[in-house]
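Participant: The structure's right below; bear with me while I get my questions together.
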Amino acid sequence: MDSVISLASVSRRYPRGVIALRDASLDVPPGQFVAVMGATGSGKSTLLHCAAGLDRPSGGRVRLAGHDITRMKEARRTRLRRDHAGFVFQAYNLLSELTVRQNVELPVRLGGPRNRTVDEVLAQVGLAGFGKRPVGELSGGQRQRVAIARALVTAPAAVFADEPTGALDPTTGARILALLRAAADRDGAAVLMVTHDPVAAAWADRLVLLRDGVVAHDGPVPDATEIADRLRGVTAVSA
Amino acid sequence: MIVRQALKRNPWAFLGPATTETLAAALVTLGLCGVASLDGAPLTAAQRAAMAADGTADIGVLFLVVSIYLSILVVGVTIGTAIADQGRDLALFRTVGATPWRVRRAIAVQAAIVAIPATVAGVPLGLLLGRAWVHGLVGHGLVPAEVTFRIHGGTVPIAFAVTIGTSLLGALIAAIRPSRLRPAMALTEAAMPGKRPGRIRTPMGLLLVFGGIALAILISDADAQTADNTGLFVMLAMCFGVGMLGPVLLRLASPLGRLFGAAGRIAADNVVARRRSLSGALVPLTLAIGFAVFTIVIGATTEHVTGVAQSAADRWLTYAGTGTYCAFAAIAAVNTLITVIRARRRDLAVMRLVGGTQGHTLRVVICEALVVTATALVAGAVVAATVLLPLLHTALGTWRPWVPAPFLVGSILGTAALVLAGLALPAAVMLRQPPIEVVG
């Protein structure tokens, strides 16, 4: 099957000569959960931003849900993201003044496809009945579940998660990871997650390790202890 | 340390208070010069008696008093908005051990740091305006030619007292909430300001508005001059009341946004969620609209009913005064709106991350601006009508004001332009930055 997320020899140079990503290639088919790890500054977030169309690569090609977004205009890229991608961030990035329902509905209100009902996704993330609560009143774990519900309401082909458990305790984090796992298994979404945490990475199907902007390892996920060893392998030199 | 963080992190937030304080200092200086020029002129007793009789003797004092009131209102609102913007930082300082008093002191220092250069810039501006004003008074034959421009001896201390005083007062009132919060609560609270219902605010707003209406009815029996002068203060009190009722009014007006489709529905939710900070802009907007409507409509109705046109001199006097007040209030409104929208950079970025294009996000902001415009227009019209109708009835025996159509259209378009300049223009600039850079 065609990959949902596809990067071919992508590089990203920043002004002043910093190279965040060089010649990185990655294809994620539907239903696959990929964890991207690496030291701070290894290019993990840049990879995610390029794959999701939040950033424009300096070289190579990026495809999202079958569309080439490498040179796409900003407005079209945004609409594509709205219709085919969901986002989960470490800092939740919710509109804290609005209610749970208003937040989850936001992509639809902005014109995205209403593929699933708000109640359905809220039930899926275990927040049935929370719709009228202001987001500001919720705990961190609950806020992250609202973010996942918002990411899933359009039934996107791809879900991008940037350190989704970074601010959460292990138990709450596990709940979030189970939801991402379900998005891949049940909904068939391609899930691309950036993380520091070997335990979080162990929930994925596939592990990609980055070192200095280069893909240093790409393979099936071993157990958490071995992930930690491998991570040390790529971080020790560059750190 | 707190002061440094506040001033460095968002220097633009202080643009509002700095601008309004400069203008406030200029207005107060202008009023003082007017008083000094009229009082100090070598006039004969007969000339003075004539001026006292037609009310021109008091114009300096009247202008000064209104300027001081306006300054208190407008500077208080803008500095309050700027301080409210720092909620999260203040919470952080409380968490790492700053006592409530330390936070308050830091806020007071910020207010003073902004007020001093603003006043230094405002006084010379006021002297220039004062010179032009006295020139205009003499040129239009409103005062005898012996009146020359004089600088009031107390200009500098009085201007400083007004700007620093109001700015401190406004800042400290705005600081009550963030400085009082328990540190543990402070960080979570900061994420959702304006949660508490206005248990004091709303009744006080109602009191001011209905008090203003009652007073307007009372003074409708007084002689024209007293009624005219008191009317100004009724208007100021009611505008302040409108500011207090702002959150309630915006909530009532928010369904309007839903008329504008999907973007409008998001805008309506945003207006309700942000009703507290947006109502800071309602005070100066209502003031500007109220003053303009009052002056124009009273002139037009008098002309319409009596068939006698206002003399050029009187027209100059009223329009110069009203024009100055309106410009002051309008500038303050735009500044407050800029502070409000800048505080929402992150929200706008989040909207774009989840799939709002630049155009879409901007449409949401424009819809919010239209809701604010409509609220301000209605509030301003009500305030002006409250002061205006009893006056018209006493002076002309009519309850029907005459509103020239070009003025009606002009004031609607003018208000919309002000609100769009304060909200949509800065939003359009902010939206140019990639959202991922904003949310980090």
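Each residue, glycine too, has its Cβ placed from N, Cα and C.
Feature table excerpt (TrEMBL):
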TRANSMEM  B:62-85  transmembrane segment
DOMAIN    B:62-181  domain 'ABC3 transporter permease C-terminal'
TRANSMEM  B:106-134  transmembrane segment
TRANSMEM  B:154-176  transmembrane segment
TRANSMEM  B:202-220  transmembrane segment
TRANSMEM  B:232-250  transmembrane segment
TRANSMEM  B:282-302  transmembrane segment
TRANSMEM  B:322-341  transmembrane segment
DOMAIN    B:328-434  domain 'ABC3 transporter permease C-terminal'
TRANSMEM  B:362-387  transmembrane segment
TRANSMEM  B:407-431  transmembrane segment
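Help me picture where these features are in the structure shown.
Facilitator: Away from its own ends, the transmembrane segment (B:62-85) comes close to residues 10, 13-14, 16-17, 19-21, 24, 27-28, 30-32, 34-35, 107, 110-111, 114, 162-163, 166-167, 169-171, 173-175, 178, 193, 229, 232-233, 236, 239-240, 243, 276-277, 280-281, 283-284, 287, 321, 325, 328-329, 332, 335-336, 339-340, 342-343 of its chain (Cβ-Cβ under 8 Å, at least six residues beyond either end).
Residues 17, 21, 24-25, 28-29, 32-33, 68, 71-72, 75-81, 83-84, 90, 103-104, 107-108, 110-112, 114-116, 118-119, 122-123, 126-127 of the same chain lie 6 or more positions beyond the ends of the transmembrane segment (B:154-176) yet place their CB under 8 Å from a CB of it.
Here the transmembrane segment (B:202-220) has Cβ contacts under 8 Å with residues 226-227, 230-231, 234-235, 237-238, 240-248, 383, 386-387, 389-391, 393-394 of the same chain, all six or more residues outside its ends.
Within its own chain, the transmembrane segment (B:282-302) is flanked in space by residues 70, 73-74, 77, 231, 235-236, 238-240, 242-243, 246, 249-250, 308, 310, 315, 318-319, 322, 325-326, 329-330, 332-333, 336, 372, 375-377, 379-381, 383-385, 387-388, 391-392, 395-396, 398, 400-404, 407, 411, 415, 418-419, which lie at least six positions past its ends and keep a Cβ under 8 Å from the stretch.
Sequence-distant neighbours of the transmembrane segment (B:322-341) (same chain, 6+ residues past either end, Cβ-Cβ under 8 Å): 12-13, 15-17, 19-20, 23-24, 27, 30, 66, 70, 74, 77-78, 81-82, 85, 129, 274, 277-278, 280-281, 284-285, 287-288, 291-292, 294-295, 365, 372, 418-419, 421-423, 426-427, 430.
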Participant: So what's near the transmembrane segment (B:407-431) in sequence-distant terms, Cβ-Cβ under 8 Å and 6+ beyond its ends?
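Facilitator: Contacts with the transmembrane segment (B:407-431): 281, 285, 288-289, 292-293, 296-297, 300, 330, 333-338, 340-342, 345, 348, 352, 358, 361-362, 365-366, 368-370, 372-373, 376-377, 380, 438.
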Participant: What is the pLDDT of the domain 'ABC3 transporter permease C-terminal' (B:62-181) when averaged and given as a whole number?
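Facilitator: Computed over the domain 'ABC3 transporter permease C-terminal' (B:62-181), the mean pLDDT is 86 on the 0 to 100 scale.
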Participant: Residue counts in helix (H, G, I), strand (E, B) and coil for the domain 'ABC3 transporter permease C-terminal' (B:62-181), per DSSP?
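Facilitator: Split by secondary structure, the domain 'ABC3 transporter permease C-terminal' (B:62-181) comes out as 98 helix, 0 strand, 22 coil.
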Participant: Can you count helix, strand and coil residues in the domain 'ABC3 transporter permease C-terminal' (B:328-434) using DSSP?
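Facilitator: Here the numbers are 89 helix, 0 strand, 18 coil.
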